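Taken from TrEMBL, the feature (6S)-5-formyl-5,6,7,8-tetrahydrofolate binding site covers 23, 80, 120, 440. The GTP binding site annotation in TrEMBL covers 227-232, 246-252, 271-274. Annotated Mg(2+) binding site per TrEMBL: 231, 252, in sequence order. Here TrEMBL flags 217-364 as domain 'TrmE-type G'.
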Ligand SMILES: Nc1nc2c(c(=O)[nH]1)N(C=O)[C@@H](CNc1ccc(C(=O)N[C@@H](CCC(=O)O)C(=O)O)cc1)CN2
């Protein structure tokens, strides 16, 4: 532990609320419970108690929970007071508890930090817990809860275990190759497993964009000539007047964004300035931004006014696009010319549900399958790339001898250990001794 302080905080949300949860962790927890609740409560059982301030006055009548360390969330003694969620009640409780000797207000994330330091959570699980608390969409929640439960860590720890085993095998071959317990061509098997691992890691890294979409949103950008109906569509999607709409070309000059939740996936839709030549200075900057935005989009909606179709030039060819005919209500009985993916009228509401379903389907497809394990942070990707580089180098450097190659396996495993925050060399020896009867 870094400190012996006990920490207290309001662990539930904004007040007033039905109930407020005040949590304390650390060595003073027992004493605080005994004093405030007039005695200890049974471990891990919610118990209704009167809660007394240090001056002998009644603060509230609430539920008390005590979790003895080390089997608690933080690994220390933890208690919770579930009190009436008034500001004054929670305030008095917090000030009273923080007033005890050796107790102070917790820093942000400090309970979880203690859980990590006490080995309750690894680094990836800790990150996932933060994601879980911040999750706003179903996809974000699903992804975070799976990783908070250790799915992502298990993948890295599995690779790390294989590398530690591989290195143990190579070192055993170096040190004990004259002994009969070591199989002859162990290194062939080892290096082919390393090759397989490089592929597995590469495929895993490829999933990072899906993780970014889950977290930051599927990027949809609306493009088109001035007055193609971009802002009307944008407002229809936003279900409010988020963008100013006029019949004057060049009304939208800056990028406008709205965030949608389409079937549990975060989708960010950006409205842009109409693409045209020879505009004014401000509008030109807007058009530049629109073009730049198109390059980072996951989907472009290319809008054309059916009554006055102006094809959009200079759009990125490698970004998926939907060509959308707008103002279909003005068309009466005419059949639109040209190949459109959708027809809409924001005036009559035609085609909007279908368009939303299409965007939602594409966003869902982009995040991959439920249960896919993805790298959730750039930090993971960077360390995974380093891991891969060491593995590729170990694999290719035959002429440098087994010792150097074994060292590269160690460095690779070390990078994986850094991802989960558990780098430790003792287990290497364990593997060697558990695999071969060296001492015989
Ligand atoms: N009231 C309340 N609700 C909560 C939490 C909490 O701390 N308090 N949590 C907190 O964020 C989450 C639940 N997570 C928890 C994780 C571990 C332990 C715990 O006591 N772990 C022990 C014992 C495990 C067991 O009995 O199986 C341990 O790991 O040793 C408790 C809650 C969500 N809901």
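Any Cβ shown, glycine's included, is placed from N, Cα and C.
Keep in mind the model is a prediction, meaning the values are calculated, not measured.
Around residue 231 (Mg(2+) binding site), the same-chain residues at least 6 positions away in sequence with a Cβ under 8 Å from its Cβ are 243, 244, 245, 251, 252, 256, 271. The least crowded of the binding-site residues 23, 120, 230, judged by other CB atoms within 10 A of its own CB, is 120.
Secondary structure of the domain 'TrmE-type G' (217-364) per DSSP, as helix, strand and coil residue counts: 41 helix, 38 strand, 69 coil. For the pair formed by residue 120 ((6S)-5-formyl-5,6,7,8-tetrahydrofolate binding site) and residue 273 (GTP binding site), distance between Cα atoms is given as 51 Å, rounded to the nearest Å. Across the structure, residue 227 (GTP binding site) and residue 80 ((6S)-5-formyl-5,6,7,8-tetrahydrofolate binding site) place their CA atoms 59 angstrom apart. Note: the Cα of residue 230 (GTP binding site) and the Cα of residue 80 ((6S)-5-formyl-5,6,7,8-tetrahydrofolate binding site) are spaced 52 Å from each other.
Counting other C-beta atoms within 10 Å of each candidate's C-beta, the binding-site residues 227, 246 are led by 227. On a Cα basis, residue 249 (GTP binding site) lies 58 Å away from residue 23 ((6S)-5-formyl-5,6,7,8-tetrahydrofolate binding site).
When Cβ atoms from all protein chains are considered, those within 10 Å of residue 80 ((6S)-5-formyl-5,6,7,8-tetrahydrofolate binding site) total 21, not counting its own. The Cβ of residue 273 (GTP binding site) lies under 8 Å from the Cβ of 250, 252, 253, 254, 283, 286, 287, 289, 290, each of which sits 6+ residues away along the same chain.
For the pair residue 80 ((6S)-5-formyl-5,6,7,8-tetrahydrofolate binding site) and residue 246 (GTP binding site), the Cα-Cα distance reads 57 Å. The most crowded of the binding-site residues listed here (249, 252) is 252, judged by how many other CB atoms sit within 10 Å of its own CB.
Taking the domain 'TrmE-type G' (217-364) as a whole, pLDDT averages 89 in the prediction.
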